[in-house]
Amino acid sequence: QINKMFGTVVVGVGIAGLARIRDLMNPMPSSPSEHLKLLGFVSRRSFGSINEAKQISLEDALRSREIHAAFISTENRSHEETIRMFLEAGKHVLVEYPMALSAKAAHELWEMAEQKDKVLHVEHIELLTEEYKQLKKEVAGKDLVKGTLHFTGSVLDEKKAGFPAFSGIARLTWLIDLFGDLTVTSATREEQKDKNYSRMTVHFQTANKKPLTWIEERGPGMRREKKINFCFTSGCLENFPQAPRSAVGLFMQDQNLFAKKLLGQVSKEELAAEKWRILRCLDLAETIQQHCEQPEKICS
């Protein structure tokens, strides 16, 4: 494995895709990323080349024997189909979250990757931020009484991004990673279509029957921010702990992790825990969507 090189292709060149191209072309010295070699990118728009990377067709990317792995940075709606194509072609896959917009699809794709003995890696840069690492340290070992995580952001095109429980799965991932498994007790969604406004409110219980609330709110001009209020037996945490800026970019950290998996340097335990977390969050996202889409129960 020491000298093994993995030819890669980036699919989709939005903000994430461009970051991927940049990081693949400039790997961190003596990091696992040095085992990845960018052989081209795929896009529906025509570019010719970006930096030194050349545009190739999807068919060529799937067929090429030199390409061992695909970085999928397309819109959420097309993740499932694109992952499926590359797994079927026998390639490893890195995909931006959410990996799919239904739990069933996610489980099927994961099974397919395992059958083909390929790495299926879902990017979760929200767990790699210094802000989050500090928060996790702060929360460790404390007894939760109740908590709220409230996210605001600008309007998303749901046709492309999916239902808010899926497009906002980064928040759900935080809660599961911080507080362990959760069950949904209720979920509702308020929409003002004319104002392009949406607010999803989800109530969970922890394994110890403590209440957690997740609010995902989007509207025109809303600032992108997260507010927390976690109350523990020892007191409440209402602000994020101070965190230094990371020396290594988030996409680069994620790319190193993917390369480590390709090189067989991640333990079975870690892989199993990650698989559980990713699929569990997608199962919960689906449950939330079902709750929100149920017709209002009329109480007589």
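Cβ atoms are placed via backbone N, Cα and C, with glycine included.
TrEMBL labels come from automatic prediction, so no person has curated them.
Remember, it's a predicted structure, so these values are computed and weren't measured experimentally.
Look at TrEMBL and you will find 7-124 tagged as domain 'Gfo/Idh/MocA-like oxidoreductase N-terminal'. Residues or ranges marked as NADP(+) binding site in TrEMBL: VAL13, GLY14, ILE15, ALA16, SER43, ARG44, ARG45, TYR97. Annotation source TrEMBL lists domain 'Biliverdin reductase catalytic' at 132-244. TrEMBL lists CYS281, CYS292 with the feature Zn(2+) binding site.
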DSSP-assigned states of the domain 'Biliverdin reductase catalytic' (132-244) in counts, ordered helix, strand, coil: 30 helix, 50 strand, 33 coil
Position of peak Cβ density within 10 Å, selected from the binding-site residues ARG44, ARG45: ARG44
Binding-site residues compared (VAL13, ILE15, ALA16, CYS281, CYS292) - highest count of Cβ atoms within 10 Å: CYS281
Per-state residue totals over the domain 'Gfo/Idh/MocA-like oxidoreductase N-terminal' (7-124) - DSSP helix, strand, coil: 47 helix, 32 strand, 39 coil
Confidence summary for the domain 'Gfo/Idh/MocA-like oxidoreductase N-terminal' (7-124), mean pLDDT rounded: 96
Rounded Cα separation (Å) that holds between CYS292 (Zn(2+) binding site) and TYR97 (NADP(+) binding site): 21
Chain-internal residues near TYR97 (NADP(+) binding site), provided their CB is under 8 angstroms and they sit 6+ positions away: VAL122, GLU123, HIS124, ILE169, ALA170, THR173
Site diameter for NADP(+), Å, by largest Cα distance between VAL13, GLY14, ILE15, ALA16, SER43, ARG44, ARG45, TYR97: 22
Neighbouring C-beta atoms (10 Å sphere around the C-beta of GLY14 (NADP(+) binding site)): 13
Distance from ALA16 (NADP(+) binding site) back to CYS281 (Zn(2+) binding site), taken between C-alpha atoms, in Å: 22
Neighbouring C-beta atoms (10 Å sphere around the C-beta of SER43 (NADP(+) binding site)): 18
